[in-house]
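K.L.:
Summarising the annotation, TrEMBL assigns domain 'STAS' to 450-618. Residues annotated as transmembrane segment in TrEMBL: 15-34, 99-123, 177-198, 210-231, 264-287, 299-316, 336-353, 397-426.
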Amino acid sequence: MHIPQGMAYAFLAELPPYLGLYTSFFPPLIYFFFGTSRQISMGTFGDRLAADWQSGQEEPAGGCYAAGDNVTAEAFIVNATSMAADQSWGSDPLIRSRVSLACATCLCVGLIQLLMGILRLGFLTRYLSDPLISGFTMGVAVHVFSSQIKYVLGISVPGRNGLASLPLHYYDLACNIGQTNFVTLGIAAVAVVILYVTKEFVNPRVRKKIKAPLPTELIIVTLGTVISYAFDLKKNYNVKIVGTIPTGIPPPEFPDLSVLQPSMAVEIITVAIIAFSVCVSLAKIFGKKYNYEVAPSQELIAYGICNTVGAFFHCWPAGSSLSRSAVQDSMGGKTQVAALVSSTLLLLVLLFVGKYFETVPNCCLSAIILVAIKGMLEQVKEAPILWRLSPYDFWTWIVTCLGVVLLSVDYGLIMGLAFSVFSIIVRTQSPTSSILGRITGTDLYKNVHAYDDIEEVAGLKIFRFEGSLYFACAENFRESLYRKTGVNPRRIVQQRRRLGEKYARVTATSDASTATVKRTFTRMSESEKAEAAKAVGLDWPRVPVQHVILDASTWGYIDYVGVRALSQAIQEYRDIGVAVYIANPKCGIRACLERSDFYEKNRYDIIYVSVHDAVLAAQFDQRAALRKSEQQLLSASSAAIKV
């Protein structure tokens, strides 16, 4: 598969096809010594090429770009089929510019990956979520598909660069549709049908009898070469062909870094990070399948060495291919020795066979690409699944994909990352919360709305906040606590204050002023205030619970603002006679509370190891308070009898 895929992906990147063969030879050879995955197949990497090379442009009127021109990487990439009729890959200055740019980019990508590996930065890929990568690669697949239409139709369209280049590309296709070469279209259509039917219907049946699938891509390339040569399609029907392919191994050459521009930095970093992320994800899939560990940082070093060394031998950024890796695994390739054998066979092609592929029609390579990206385009099926599971992930997928398609690859990735971070902030600052009840006959406490056989404990509320307590959600924590428990201490304090003022006005006399009555009323206990208010026809607001228990088992961490919000909530409840207990906090939470001034304002005995322990303590306090109230009532009754 390295031969047809290498040539096809080089064509996709609008580079000479022999660069695809070089990229299929050197990186696998180097990965054999440094990689940690046993199954992945290193070499050409189609979807990443599409991401950073496939906004290809036609040659401008001025000819070759000068090294000092302020242009992006995309502006260097011109249509490989617009060369002169004798198309010689080595002599055209535009081809040399593209090759220089590819090698320079490969070197920079390799150095970035190598540096990230040395600094042990493999963990950074954790922040690239699966919906983000899926939406990104889906958008890239649309770019790849769109870029091949002009080759399938055999037409030339003006190049587009910058924002909204893809919609403008379709406009150009519509304007030039009359130039369609029907011979080219027919060859491409036949190739696509053969590839699709073989892949979807023939290979599944063949694999029941033999391990290896039919090498349809190689068959298409071979048949295309023979037919093109026999009928001289280039001369007789103006069908574009690959052209000259040099034989042998290129001597090492330091890449020309002068072709790089500062504006390419984002694209190069994008290649380095996304390529590593996708490749290491594939490596982990096989590692999980065969029960071995893949070291992300060592993989970074391996990819970095592959690209750094490959840049000196006319390679572009390499990666792993799912299709090649799956075929290698299905054929019994359980170690990278399979890659060593593959590189040996590819060496023979480079030395002796390459020149026989010079008459391959470009439309055959486009057909291979179109069928190869079918799996990437099918990622659109993930959108409904994401919507059902998580709307945040769904919108991350949509924003990233549409950003790539409608704007550009780089802007789409940046938009996806920004939206992903934004969604994390929104979710962490607005976590869900619930009131817990006891499952009958157990000491388990769950959401009262999640089970039928569950009831709240009388006289108390158990509140669970499903998130960490930090500055962004501290206010949300307090508001949710007051709303869910149905006890807002701030509102109750205000109601009692207004009622106290009203009581003072009603009961004030010539002998006792309003201020005097108010001071006397303030010194009363809550029960005395209630009785006094009732005596003058006022309804004193009572609190329906005596305890609030905070289930802290879901708190990941707490910061300074969170500690202040927690202390304030406890104090506000204390002001209305409600005790607050904290149940099951993690060690990190307890340590943070000890380092702060929390225990200067609160007792140590409000912390409990479990919700059930806190409930038992609250019930004990309630029984003690009830006994005390009964004793006070009995004493008052005895005093009344004596009188």
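Placement of Cβ uses the backbone N, Cα and C atoms for every residue, glycine included.
I'd like these features described in context: how deep, what's nearby, how far apart.
P.N.:
Beyond its flanks by at least six residues, the transmembrane segment (15-34) meets 2-3, 5-9, 41-44, 53, 80, 89, 95, 98-99, 102, 242, 245-246, 250, 298, 301-303, 305-307, 309-310, 313-316, 318, 336-337, 339-340, 342-343, 346-347, 349-350, 354, 357, 360, 365 of its own chain at Cβ-Cβ distances under 8 Å.
For the transmembrane segment (177-198), the list of distant contacts is 151-156, 214, 216-217, 220, 224, 227, 233, 237-240, 361, 363-364, 366-368, 370-371, 374: same-chain residues at least six beyond its ends, Cβ to Cβ under 8 Å.
Same-chain neighbours of the transmembrane segment (264-287): 36-40, 45, 47-48, 51-52, 72-73, 105, 108-109, 112-113, 116, 122, 124-125, 128, 133, 136-137, 293-294, 296, 299-300, 303, 317, 319-320, 322, 325, 329, 409-410, 413-414, counting only residues six or more beyond its ends whose CB sits under 8 Å from a CB of the stretch.
Residues 51-52, 55, 127-129, 131-132, 134-136, 138-140, 142-143, 162-167, 266-267, 270, 274, 382-383, 386, 472 of the same chain lie 6+ residues outside the transmembrane segment (397-426) yet bring a C-beta within less than 8 angstroms of a C-beta in it.
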K.L.:
Same-chain Cβ contacts of the transmembrane segment (210-231) under 8 Å, 6 or more residues past its ends?
P.N.:
1, 3-5, 7-8, 187, 191, 194-195, 198-199, 202-203, 237, 239, 241, 327, 330-332, 356-361, 364-365, 367-368
